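J.: Dumping the structure here so I can ask a few things about it.
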């Protein structure tokens, strides 16, 4: 039979060999003071009714410590029916959002990428024109590709099919389908400036043959395996197939990415497209159609043109979000 102290601190006698069991209580416990007797915040009182506790709220005009529940009897700061945290097609809170770049920052990043791509294209053009050690390094890289291709002849068929993706008859229809589909979807959704991204993609594709032809005629580089230009006068720097496939498929992926539904579709567009473009460039060198610097220069040109397409998308998305921000009164939220 267990024996504990009574309410007044005295032990309770039990029938355990006639001994008094107190479980460690040897005297009268301290008095449990009420809130009215407490004078300091660290007084031993019930924490739910301490005058200095964080649970006690402003109770002007009332008596007692107040209700320990913060939300009881208080109106919300912003009624839920007046909150507007979503934007067309992109659920989430309104700007500013921590970790998300502003419009100026996004355009600055894209502008920096465009400048770097243009600088790389200019440097490669100068190196190829001047000749010397960089061109000899280009030849050593090409010979490594050719030795590897000779050691693995089974990949030749696949490489030739990848090279065909740079043909205008293959790449341009893919981009035209993406331009038409996304333009129709954006106009049907009533988005402002729906025409801007498709128009930017079309302009980028038009600029490819213009820039490539002008540079080829100026540099007049011979094809791999020859030390003099082709008798027809057609240069090989930069690679037209690389530029055509990269701009066409890259711009199509940029146009389709905002409309993709599901993580798998976005992953295929965001990761699969760059891998495909890399495969096309490597295949052109593998099959001895171009020098490595021909392909690298076309990739630099692609960065310049696709930066413009991405900037057009950023501006169009900004225009789509602007009406919702303008319709909110300053007092909301």
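Placed from the backbone N, Cα and C atoms, the Cβ positions cover glycine too.
Unlike curated records, TrEMBL annotations are generated automatically.
Look at TrEMBL and you will find 26-97 tagged as region 'Disordered'. The compositional bias 'Basic and acidic residues' annotation in TrEMBL covers 28-40, 79-89. Look at TrEMBL and you will find 107-128, 168-187, 194-215, 235-257, 264-284, 296-317 tagged as transmembrane segment. According to TrEMBL, the feature domain 'Phosphatidic acid phosphatase type 2/haloperoxidase' maps to 196-310.
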J.: With a Cβ cut-off under 8 Å, give me the same-chain residues at least six positions beyond the ends of the transmembrane segment (194-215) that come close to it.
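T.: That would be 125, 172, 175, 178-180, 182-183, 186-187, 235, 237-238, 240, 243-244, 247-248, 251-252, 254-255, 298, 301, 305-306, 308-309, 311-313, 315-316.
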J.: Give the nonlocal contacts of the transmembrane segment (107-128) in its own chain as ranges (CB under 8 Å, at least six residues past its ends).
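T.: Same-chain residues near the transmembrane segment (107-128) but 6 or more away: 101, 134-135, 138, 215, 219, 221, 237-238, 293, 296-297, 300-304, 307-308, 310-311, 314.
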J.: Would you mind splitting the domain 'Phosphatidic acid phosphatase type 2/haloperoxidase' (196-310) into helix, strand and coil residue counts from DSSP?
T.: 87 helix, 0 strand, 28 coil
